Each structure stands twice: as structure tokens, then as C-alpha cells.
Amino acid sequence: MHASFHFYDYQSLAVTSMTLQLTLSFSLSHVSGVSLNMAHKLVQVTLCLWVFTSLLLPSPTAGLYRVSLKKQRLNLNRFKAARIAMSGGGMLHNYGSSDGEVIPLKNYMDAQYYGVIAIGSPPQNFTVLFDTGSSNLWVPSSKCYFSIACYFHSKYKSSRSSTYTKIGKPCEINYGSGSISGFFSQDNVEVGGVVVRDQVFVEATREGSFPTFVLAKFDGILGLGFQEISVGNATPVWYNMLNQDVVREDVFSFWLNRDPSANEGGELVFGGVDPKHYKGKHTYVPVTRKGYWQFDMGDFLIGNNSTGVCEGGCAAIVDSGTSLLAGPTAVVTEINHAIGAEGVVSAECKEVVSQYGDLIWELLVSGVQPDKVCTQIGLCVLNGTRYMSGIKTVVEKENMEGLSAGDQLLCTTCQMTVFWIQSQLKQKGTKDTVLNYVNELCQSLPSPMGESVIDCARISLMPDITFIIGDKPFKLTPDQYIVKMGEGITTVCVSGFMALDVSSPRGPLWILGDVFMGVYHTVFDYGNLEIGFAEAA
């Protein structure tokens, strides 16, 4: 999740969270041409999505176990809360039947898919977010005294469990917009009718970022990522399920139901796949880097036109804990412009286009390499020397000394402008046409939280968005990538694309969250280290 997102040690994946006061001030004062009522709606959506993005498993015989996802009807009053988030070549993998035990899971606003597990003997129940973007299991502790969030959720009481083993080692797990701290403990964990013995988990004694955890519909998080990103090198629940031989196959799969009227929110299957929830064959791609479920993605299309950003390939991760789709600011801005989404009118962006657009055009036409342009015109300066390090909003601290926030913004804006002009040059547009287009893109820059709002009446006019994965197209229609919140005249439509810049060499990076997984049934094949996608049914 969300955005943000998870227990990332990698600061390059952090999403900066704005304060409530800033969000209110920005939404009401800086959205030009928007009525006061619409501004209030934007505030509500921004608050709701902030929470979603800050945050997005022994039986005598090995088997297959299902976690059933069930819908929870949207309550519009919750808008007033903060937001909590939010190469197989098509080879058919046959993992057997879908028979298994079912636990009710709930889907909150198409942004959190969570369900019940149990810890201890006798079992103590907790709702957890099943998250492929992190690897630890944590729940609130009965020893959590000073965090208000703990009083709103179930707490683990070690004194009531006969299978509890004390560890006590302290730890802290950081999100992009919040953190939890506590200590490690060990106990039995029940998931889907399977008891995982002696599982190490975190008892959270402090939950930061007040609205993030207070308003979460889940108590804790069960990470399904690789051990490489596990805080404290704790063995993940999924690893212990395999080590204790309680699942039939070393795969798990997700089906997320995006039908807001359905009672069943989806299904998580441990040990196989459920054939009734996908069509055709899965396209499999290899995991390129263990930690997150990361793979190489090909080109990225808006309508039928390539953006050019991933012609040579882009890193991507599949993340059930992230509500939306996250990608580089420059490309997301183009997408949101193409679909008519409204973001921040950036004076800095327009100023760069106005003052330097002609010069950038001439330098590119004359053959200057795109990564040298902003260096030559002096908009990227660091400690007295020119630099160009790629479009990014997250930069290592040691590389930022001596560079003011204004300088950083001008440099980043220049880099985006170069990217946009270079992209249009490939389509042989005239200078005036290209600069006018780039100026329009400035108006479509995402809000400080990364999201953009859209007029619901425009959905039928929007282009399809296509990801090339395993040399095959995976298309999202407007109805699939626009997130609708509310009903009737209170409906607010949000672009499913949010901006997140990850610095080189890890980036640029795409994060395919629930918006994508809701359209494509996803198989996480741990044994063969690959990920499979098929049309959801």
C-alpha cells in the first residue's frame, strides 16, 4: 500500500505526506475554476486517499487454502476521515483444484482488502491487510499505552496464550507517511484453517501518523513479500507455510472484485489458483529482484501512442497493499492530461516553459543529449557544479546539500519539460504546437498527494491505458482505471494514476496496485520466481 506505502527501508519509495492543514488550504485555495462545493469534495477525496496511499499466510496434509474477500458498502461519512491508502510466455500453470478453507475478508472502498487471522492459543482474532509490498506480520500489542490508534483496534495479549514465546527485541517499521514500533514475539498464527507454528511477529506498542492507523479498517498487516525486505530478518508467514509443508504448491494468488455492489470482495488462495476467477491463460514474467515482487515491464501506451518512457523496459512491482497505480511524475502527468484530470497549476512549471521552452527546443533539435540540457541552461545546480540525475522527487540526503527547495523544483520541472518536448519531437510536432502542449501539461501536474480528480461525465471520452508485460498488452479501460467514490450526485471520480518518482538505479519504477490487480488475476509463484497475469473473471 498505500502509496504509500509499506515497511520500506528504501527511502526512494517513500511518499511524502502533507498535513491536514496544508491539504485543506491547498484544496480550497489553489484549484482554479472550481466551485466551493467542488473544492470541499476535492478535500474529502484527498483526505480519503491519503490514508489509502500511506500505508496497500499444521495441517496433517499439504493443501490449498482460500481467503474470501467480502464487500463492505461505502459510507460517505468516511470521506471526512483521512485516507489510508491507498517470461512465462502465456504458459498455463496447473496448480490443481481450488478446494480449501475460506475466511471472510472485506474490501473497504476498493482500497483495502483485509481479513481475519488468529494468533495464540486460544486464538485471538485480528483483521490484517494482506500486503505483497512488505514482509512482516504485526498487530497492536496490549502493551501499547500511549498511541490513540491502539485503542481503536484489537490488541494481542501474550499472557493469554499458552504457546507464546518471549523474544523482546525492539524494532521499528517505517511507512512513507507513518511508522510503527514495538518488539518481536513468537506464537502460533492461524490463517485459513492452517496453523503456522512458532511465527515471529511484531507487537506494536506505538503507531504513529494518527489518522493513518486510527481510521484503518484493519488491525495490522501480514506481509507477503520476500524475506530480503523483512525488518529484523524475521521469517515471513508465507515462508513458514512452505517450510512447515502445509500448502500444496508454493504459489499464492489474488482475485480482487472491483464490483462495488458485490458482497464478495475477492479471494486470496494459498497453495494454488482458483480457475473460476480468471479467463484464458496466465502470462508469466520472471521476478528480477527479490524483495518486492519486481519484474521488467515493457512499453506504456496512452491510447495507441507510446509514451517512450519504457521503450527500453521499466522496473515494476505488483503490490496488493497499494490502492492505485503509481508511476513517474512526467508520465502520470501526461496520462492525467489526456484524461482531463485536474491537478495543481504549477507556476514554476509554466515559468520554465515560458522562459526556457525555446532554448530547450533548440538544444534538443541541435542534438544535445536530453540528460545534458538542464545542465547547460543552468537550472540544475548542486554545490556550485552542474548536475543531471534524472526526473525524481526523492533524492538521497547527501546529494541534496546546498540545494534549496526552489532549486530542486526548478531542476525537476526542467527535466520534465525536456522529457515532454523530446517525446513530442519524436512525433514531429511544430515548436509552437509542442510548447503549447507542454504548457497544458503543467496545468495537469498532480496534487501534492499525487492524485488527480476527474469529471465523471468524461469517462466515456477517455483513452485506454496499456501496459506491455511479457510482450503482451494489458489494457485498462477508463471504467477500470477511474476510481468512483460515493453514489449519485455525491460521486467523486479519481484518476487511478498517482505520481511517484523513484531515483536511479532502482527507478523509474511502476507500482501496480489494486486498480491493476482488480482487472488481472495475479499469481505469485514463489517456486519458479515468477508472476502471472490473466484477465479476471
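Including glycine, each Cβ sits where the backbone N, Cα and C put it.
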**Asked** Pick from Cys150, Cys171: which cysteine does TrEMBL list as forming a disulfide with Cys144?
**Response** Cys150
**Request:** Provide, as an integer number of angstrom, the distance between the C-alpha atoms of Asp319 (active site) and Asp131 (active site).
**Result:** 7
**Asked** Closest to Cys150 (disulfide bond): which of the recorded positions Asp131, Cys310, Cys314, going by Cα position?
**Response** Asp131
**Request:** Measuring Cα to Cα, tell me the gap between Cys144 (disulfide bond) and Cys314 (disulfide bond) in whole angstrom.
**Result:** 42
**Among Asp131, Asp319, the most crowded of the active-site residues [Cβ within 10 Å]** = Asp319
**Asked** Who sits close to Cys310 (disulfide bond): which same-chain residues at least 6 apart have their Cβ under 8 Å from its Cβ?
**Response** Met297, Gly298, Asp299, Phe300, Ile468, Pro508, Trp510
